[in-house]
Amino acid sequence: MSNNQTVGTIDKFDDYQGHQIDKLTLSNANNVSISVITLGSTLYELNVPDKEGGVRNLVLNFEHSQDYFENPFYICMGIGRVGGRIADGQLVVDGKQTQLPQNEGTTTLHGGPDGFNTQIWQGEIGKQDGNDVIIMHHLQKSEDDGFPGDMDATITYSLSDDNVVSMNFSAKSSEDTVFNPTQHTYFNLGKTSDIMSHQLKLNAIQALKLDDKKIPTKDRIDVEGTPYDFRKSKSLGDAINAMSNTKEKGFDDVFAVHPDAHNIIAELKDPDTNCSVAIESSRSGMILFTANSFTKDHMNFVRTNGVGHPHEGVAMEPMILPKPGQEKDFSEMTIKKDQSVSYAIKYHLSF
Ligand code: GAL
């Protein structure tokens, strides 16, 4: 057996409303580690070695479970059954309409009020190809979140010896239903309190035009000649500044992405630390959210000693591209009763 193994451990994180929350960690031989907490299957840390001989966490996190719920921005949480917005909470599966619980005015956002992120997952360390992996499991009941079917959901996290973090989301349901999960990771690859000096490349020539509830319309934005054009790596800060006359004052947008030959859809880099992450996904969409309204309230992030800042991190959320809200077409994310479906998201790290 090689000595390059990835090793897993389980520790108690804290207690939340009478439940013990655990933290599961994987470490490889390059001093890279990830940890995931059982609350919401939340990516808690993604540590890489830094030039000073220590480690640096590349994702936003909080010290306590409670903080994750006082903050409304799904900080690094597991998202399901469906990432993004379902207009008026009206889901249609096989021609049958279901009224889902709504959690953003009339909209069902990120799986609704009882989505994956609100659940306490069962975490264990398993084995894959001789390496330890983190396995998070949860039975998402229809009576709890209002979606059709009881869904057996598993998210498996692995870390390779060439520093690729893989997340595999798989599900099987007792009825036909929908599945379009993601991980709401916020990256900050640098040492400063925002991501304005990061560079971003996106394999996207169009974004969806959203209505005032951020629901996709049938119109598209051609990125060419607009701040949405990330086809060549460019300053994320400049692009955010170019959006300063919009209501959002930055990006909270759904891009139609074109995975390249290696299924890479996005690359984020911090020129200062030379740290980068390439995001691999074979799905057709991605939300780019640049944390425009982050303030110091309920934003007590560990990396900035308990104070939050606008644009402190950037979230890139791979998913199946949603259809225009008015079409109520969920066919691409529909999964059949007893069918096993899985989607992968990978972060290729260099530092
Ligand atoms: C994004 C969404 C934003 C915001 C953010 C965090 O996916 O588009 O509007 O809700 O998640 O909550």
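A Cβ is built for glycine as well, from the same backbone N, Cα and C atoms used for every other residue.
A TrEMBL annotation is a machine prediction, not a hand-curated record.
Marked as beta-D-galactose binding site by TrEMBL: H184, T185, Y186, D252. Every protein chain shown contributes to the tally, and the Cβ of T185 (beta-D-galactose binding site) ends up with 26 other Cβ atoms within 10 Å.
Residues H184, T185, Y186, D252, recorded as binding beta-D-galactose, reach a greatest CA to CA spacing of 14 Å. Proximity of the binding-site residues (T185, Y186, D252) to ligand 1: a Cβ under 6 Å from the molecule is found for D252.
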